[in-house]
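This report concerns only the one structure given below.
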Amino acid sequence: MGLVNGRASLTFLLAALTIIAMVVEARFVVEKESISVLNPEEMRSKHDGSIANFGLPDYGGFLIGSVVYPDSKTDGCSAFGKTFKPKFPRPTILLLDRGGCYFALKAWHAQQAGAAAVLVADNVDEPLLTMDSPEESKDADGFIEKLTIPSVLIDKSFGDDLRQGFQKGKNIVIKLDWRESVPHPDKRVEYELWTNSNDECGARCDEQMDFVKNFKGHAQILEKGGYTAFTPHYITWFCPFQFINSPHCKSQCINHGRYCAPDPEDNFREGYEGKDVVLENLRQLCVHRVANESSRPWVWWDYVTDFHSRCSMKEKKYSIDCAESVIKSLNLPIEKIKKCIGDPEADTENQVLRTEQVSQIGRGNRGDVTILPTLVINNAQYRGRLERTAVLKAICAGFNETSEPAICLNTGLETNECLENNGGCWQDTKANITACQDTFRGRLCECPVVKGVQYKGDGYTSCTPYGPARCTMNNGGCWSDTRNGLTFSACSDSVSTGCKCPEGFQGDGLTCEDINECKERSVCQCSGCRCKNSWGGYKCSCSGDRLYINDQDTCIERYGSKTAWWLTFLILAIVAVAGLAGYIFYKYRFRSYMDSEIMTIMSQYMPLESQRAREVPSEAEPFTL
């Protein structure tokens, strides 16, 4: 009965997917890398290759190796039983024919034979397609998770050229380049993971959950630092209208058949139902939304890992109560999350899940999301196994040059190209300044900013400081020298650039030499003048006991100078005496004038003795009428 139910479930899903395919035109985008033929010269060319969806592509890096085509077992469908070694000390890139077995099995046999990468040549003329890993089967068990080398599909004509060149004995050297496989427009990477809360879907589900647990630490560091913007997504289907009231639809869907997921155990009679998965997927979406609103989007990683360990299907704990206990333990507002989830029984659209269905459809350069798990970085689908370090490298490849966080420049992820020959960039070994900037995809030769001073130049052969404080940095690249306690410099803070020899020196500013003014007879030309050159200047003197006047370029007598000083002193003394006499005279006259004025004023109010004697008659005089 379980088998019958499983087939019924599969039939239902196929019908639903068929309806969806009729509604929207599905689009699958092939993610590519660059392949360059470096040697021999007559074969030099550039081609595209399709990145396989297994193994570990070297995102942000490149690989240079020699092409080897096997004498037998050219399809790689069985073990080679030997190790391929090129004639030259380079990594082996094994060329294999398409057909006969899984692509991943070819890569596995190539890896066992010592290959660093594998090229699979198409056997028909057609556009490139993506080599995917096989579904769960006995053939796939044991090697899919062990594949570490990158695999690339190339078109038939390019494969024919490589095959013929190798058979003619040519040493074919190619470069596999993944540095531009991930768009890197700015300093923030936006990535999304299409996943599922179901942990009973076999190897695919285990791979997803293992990745989430292992990548959690990296993801939260990047998110907390503001370097990335992560968004989780969940695939949902809808039930065809004619099946809405069927038992299958009711057990696998919510909101009256609008959002569905397959039965976890493929058994409609017992265990968990598809709608349980849809509801938990919705809850995890709402956890991210609510956490993002509180500026803690990284809490989603905590919730998903905690839910898997505490509420797994395998332990029969996959329930709403268990989920809400995890939410409470993470101090998330449970009422907001419930409001976000809404009523799963209502005959209405759920905007969160509706958005997910729309997002499944490809936009721009991104193809439709059709398989789980799918990782999208800067709107480009990641190819390869979901492995912590490999995914981190792909995310790091999405940063613009020089904007990568420190976690991306770890020696375990990339090679610091500035350590060898300074990356071919300009450097000032004396000041320990370099134009080489290590980046995840390589290096940049770019003049630096040191202590607030901007250097300008091409970054390869020259960099010179620019701006007001440029002279503090190695004297602005200009000439400078010190002798006998004197320092002269060709750098001036009053100008933003350039070098100019100071007065007393001549040259281009990078080198300056003392000018011998005495030899050039440009100074000390007066009669009786003597010139003595010095570093950065000169000294003029006069013969005898005369003094040299620099402004007039002349010599004067010292005694004449003393007479002038005595004459000046005498004149000043006379002026001082005259001033003193005037002051004394002025003071005397002013006092006499004041005495007279005071007496006049007082006489008006009280008669003075002399005036009284005239006005009072004498006693001897007779009185007359």
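Glycine residues also receive a Cβ, built from the backbone N, Cα and C atoms like all the rest.
The annotation signal peptide is assigned in Swiss-Prot to 1-26.
Across the topological domain 'Lumenal' (27-564), the model assigns an average pLDDT of 90. According to Swiss-Prot, the topological domain 'Lumenal' annotation covers 27-564, on the basis of sequence analysis.
Summarising the annotation, Swiss-Prot assigns domain 'PA' to 58-166.
Around Asn292 (N-linked glycosylation site), there are no C-beta neighbours below 8 angstroms that are at least 6 residues distant in the chain. Taken from Swiss-Prot, the feature N-linked glycosylation site covers Asn292 (among others).
Annotation source Swiss-Prot lists N-linked glycosylation site at Asn400 (among others), citing sequence analysis. For Asn400 (N-linked glycosylation site), the same-chain residues lying six or more positions away in sequence with a CB closer than 8 A to its CB are His184, Pro185, Asp186, Lys187.
Annotated domain 'EGF-like 1' per Swiss-Prot: 414-464, in sequence order. Broken down by DSSP into helix, strand and coil, the domain 'EGF-like 1' (414-464) contains 7 helix, 19 strand, 25 coil.
Annotated disulfide bond per Swiss-Prot: Cys418-Cys436 (among others), in sequence order.
According to Swiss-Prot, the feature disulfide bond maps to Cys425-Cys445 (among others).
The feature N-linked glycosylation site is assigned by Swiss-Prot to Asn432 (among others), with sequence analysis given as support.
Annotation source Swiss-Prot lists disulfide bond at Cys447-Cys463 (among others), citing similarity to another entry. The Cβ of Cys463 (disulfide bond) lies under 8 Å from the Cβ of Trp426, Asp428, Ile433, Ala435, Cys447, Pro448, Tyr455, Lys456, Gly457, each of these being in the same chain and 6 or more residues away along the sequence.
Annotation source Swiss-Prot lists domain 'EGF-like 2' at 467-513.
When Cβ atoms from all protein chains are considered, those within 10 Å of Cys491 (disulfide bond) total 23, not counting its own. Look at Cys491 (disulfide bond): DSSP puts it in coil. According to Swiss-Prot, the feature disulfide bond maps to Cys471-Cys491 (among others).
According to DSSP, Cys478 (disulfide bond) is assigned to coil rather than to any helix or strand. The Cβ of Cys478 (disulfide bond) lies under 8 Å from the Cβ of Cys471, Ser489, Ala490, Cys491, Cys499, Gly509, Leu510, each of these being in the same chain and 6 or more residues away along the sequence. Annotation comment: Swiss-Prot describes Cys478-Cys499 (among others) as disulfide bond.
As annotated by Swiss-Prot, disulfide bond applies to Cys501-Cys512 (among others), with the evidence given as similarity to another entry. In sequence order, Trp479, Ala490, Gly507, Asp508, Gly509, Cys512 are the residues of the chain that are 6 or more apart from Cys501 (disulfide bond) and have a CB within less than 8 Å of its CB.
According to Swiss-Prot, the feature domain 'EGF-like 3' maps to 514-556.
Long-range C-beta contacts of Cys542 (disulfide bond), restricted to its own chain and to partners at least six residues apart, with a cutoff below 8 Å, comprise Gly528, Cys529, Arg530, Tyr548, Cys555. Positions annotated as disulfide bond by Swiss-Prot: Cys542-Cys555 (among others).
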Pairwise Cα distance for Asn432 (N-linked glycosylation site)/Cys445 (disulfide bond) [Å, integer]: 15
Sequence-remote partners of the domain 'EGF-like 3' (514-556) [C-beta within less than 8 Å, at least six residues beyond its ends]: 483-484, 486, 488, 502, 504-506
Helix-strand-coil residue split for the domain 'EGF-like 3' (514-556), DSSP-based: 4 helix, 20 strand, 19 coil
Euclidean distance between Cα atoms of Cys436 (disulfide bond) and Cys425 (disulfide bond), Å: 6
DSSP-derived class (H/G/I helix, E/B strand, else coil) of Cys471 (disulfide bond): helix
Rounded Cα separation (Å) that holds between Cys445 (disulfide bond) and Cys436 (disulfide bond): 5
